[in-house]
Amino acid sequence: MSEKHPGPLVVEGKLSDAERMKLESNYLRGTIAEDLNDGLTGGFKGDNFLLIRFHGMYQQDDRDIRAERAAQKLEPRHAMLLRCRLPGGVITTTQWQAIDKFAADNTIYGSIRLTNRQTFQFHGILKKNVKPVHQMLHSVGLDALATANDMNRNVLCTSNPYESQLHAEAYEWAKKISEHLLPRTRAYAEIWLDQEKVATTDEEPILGQTYLPRKFKTTVVIPPQNDIDLHANDMNFVAIAENGKLVGFNLLVGGGLSIEHGNKKTYARTASEFGYLPLEHTLAVAEAVVTTQRDWGNRTDRKNAKTKYTLERVGLETFKAEVERRAGIKFEPIRPYEFTGRGDRIGWVKGIDNNWHLTLFIENGRILDYPGRPLKTGLLEIAKIHQGEFRITANQNLIIASVPESQKAKIEKLARDHGLMNAVSAQRENSMACVSFPTCPLAMAEAERFLPSFTDKVEAILEKHGIPDEHIVMRVTGCPNGCGRAMLAELGLVGKAPGRYNVHLGGNRMGTRIPRMYRENITESEILDSVDELVGRWAKEREAGEGFGDFTVRAGIIRPVLDPARDFWE
């Protein structure tokens, strides 16, 4: 809808079945506790299959062996993914040692998976180990509450290892926002931590009895780094500093990347600027955005339920005015800010507090002991001696943060001895994939297992055209839900079918433009043929400092997406 002719504030019609499930769940309890004791199946049944997502878990199975098990008349090998709540990605070394042990002892795959939402996931948790994982997390001060489904997910915060004071302030706000928007139900504590049930009725003053219409994602961003890809998120607080001290935030609302193949009512969208707010209004504004989306978001069609669609339906000014009314403020004009990068600075960086920070490249975020590269063991050994913390980045890498000069050599030796500091190309540093096969039930094509060898081939193309040190921001996502953030890449691959992808071009290096579909449903060899041709032109015709995405737009290879609600599919 246009701003002159906005649509209805509330979408009338038959509610989706997810709304029925939430209403009947007794504040997210369902019959999960009873289901845990059912040894006849390795999975959760009925509504519980979806309700466990509010508790930070997804039920999955190993798709590599699904057909084999079906032929043997066996149910799929059900196992859970658990995603930790870890605002800003900061984790202590004590916590790291605990999660390392659990991954080794109690998961099928034995790995820790860093995600591009600054947390970690366990894959392959059998039903018998589901309660123990929650209790292990609780024992070290962690939880998995609200890391999935219709809530405010893990809050991101720029991993700035240099501006230590600014990072500390922004990180505290990320934690405060996360805590403020958490569900108040006691279901999590009752089911997983055996806390006693009390007679009083639960209340959800912010989220409501049926929670949000859809997932909701929040970031705290410290320019000039856009490492957290703010335009993938519903609500973004862009830090504004004076003399190195945080004074307030610019608010941007309504970003989101997920689409559905062929559904032209869906589109990726960048976030819209609302205005500037002083620090003291941060929580009130966060709550106002969330409750406006709670009340106005589409509960009849989950494909059109995210904040980006609400904003387009009611109009930006209407949504903004309602946030101002609920928060009791008037936004000031946006303060100046700019982004100059979004990758991680791999290697050592000295902070202004004179501590050192070592950013380690972790390909696809998968921490495991590989032949000749025992990454998992190396990080465990570092965790045993490091006095600071670890920080997970939104690029699926890991920072060994706050290393004193006296410990630097020792930690570097451990990192080098375990293959954690092997040289990597600029192209590999700027490539990312979601998990996809074999564990993700939504996967249509390979992503994490596909990317390393595909990157090799792209590197060879860059070398062939005389630009081996250049890079393309490249993302692969196994389905159009977009976890790999391909819709903010210069070259984005979106899984369509096994071995086939839609190719999107025309994003930029800063992550501020949505790429457009260039070719549909093509194979790896066809993709590489296109990349070879395009990189050849880029190498010869580019202007000084011009990135691949900007070149494809300027050269007329692809039209830029200017207004996604209207021109994303053109």
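Heads up, residue numbers simply count up from 1 along the chain you see.
Every residue gets a Cβ built from N, Cα and C, even glycine.
Record features (Swiss-Prot):
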BINDING   CYS434, CYS440, CYS479, CYS483  [4Fe-4S] cluster binding site
BINDING   CYS483  siroheme binding site
Which one, from the binding-site residues CYS434, CYS479, has the smallest tally of other C-beta atoms lying within 10 Å of its C-beta?
CYS479
How many other Cβ atoms sit within 10 Å of the Cβ of CYS483 ([4Fe-4S] cluster binding site)?
23
Cβ neighbour count (within 10 Å, all chains shown) around CYS440 ([4Fe-4S] cluster binding site):
22
According to DSSP, which kind of secondary structure is CYS434 ([4Fe-4S] cluster binding site) found in, if we only use helix, strand and coil?
coil
May I have the list of same-chain residues other than CYS434, CYS440, CYS479, CYS483 whose Cβ is within 8 Å of the Cβ centroid of the recorded [4Fe-4S] cluster site, in sequence order?
VAL435, SER436, LEU442, ALA443, ALA447, THR477, GLY478, ASN481, GLY482, GLY484, GLY495
Which three-state DSSP class does CYS479 ([4Fe-4S] cluster binding site) fall into?
coil
